Amino acid sequence: YDRLIAICWPLRYSTINTNLRMLLIIARIWSLVVLLEIFPVIFAARLPYCSSREVQSCCCEHSPVYKLACTDTSFNRQPGTAKTLTALLGPLTFIIFTYAIVVVAVTRIASISQRWKAFHTCLTHLLLVLLYYMPVMLAYVLGNLRLIQNFDLYTAVLTVSVTIPP
């Protein structure tokens, strides 16, 4: 969003990206994240647990918690998977969409040096986005497809993919 405003409307940047607008964007994102996390927690709280209550994961995700239940959890897994896909693919789709607009705007810049400067700024940001998203998405895809059979390996891959890039 920031790159989109900076490149497409550089002279209006400070009037578009005010502190109040940034505060509202952050508040909306945090509200969405909280809402996305409430449903899996409510669903997990309703399940009967008859064996160990020790979650076999370093982060309390819905899947390791559901595995502890002594009933069918297929209904619970669907909203959990939808939440994960929404949380991962929603922002990534927005980023790709805004960068497509930025690329179109940058190609219209007459000066090659200014075009290169804009692409360079965007490229470094895109590399950071990919550095974060690719391992996380790979970990979730491999885990959901059950291609990683060793749970400790899955936990290690997920932990590294969530910890190292930030």
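For all residues, glycine too, the Cβ spot is worked out from N, Cα and C.
Record features, source TrEMBL:
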type	residues	note
DOMAIN	1-166	domain 'G-protein coupled receptors family 1 profile'
TRANSMEM	22-45	transmembrane segment
TRANSMEM	85-106	transmembrane segment
TRANSMEM	118-142	transmembrane segment
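Taking Cβ pairs closer than 8 Å, the transmembrane segment (85-106) reaches residues 1, 3-4, 7-8, 33, 36, 115, 118-119, 122, 126, 129, 133, 136-137, 140 in its own chain, all 6 or more past its ends. Note on the domain 'G-protein coupled receptors family 1 profile' (1-166): its mean pLDDT in the predicted model is 81.
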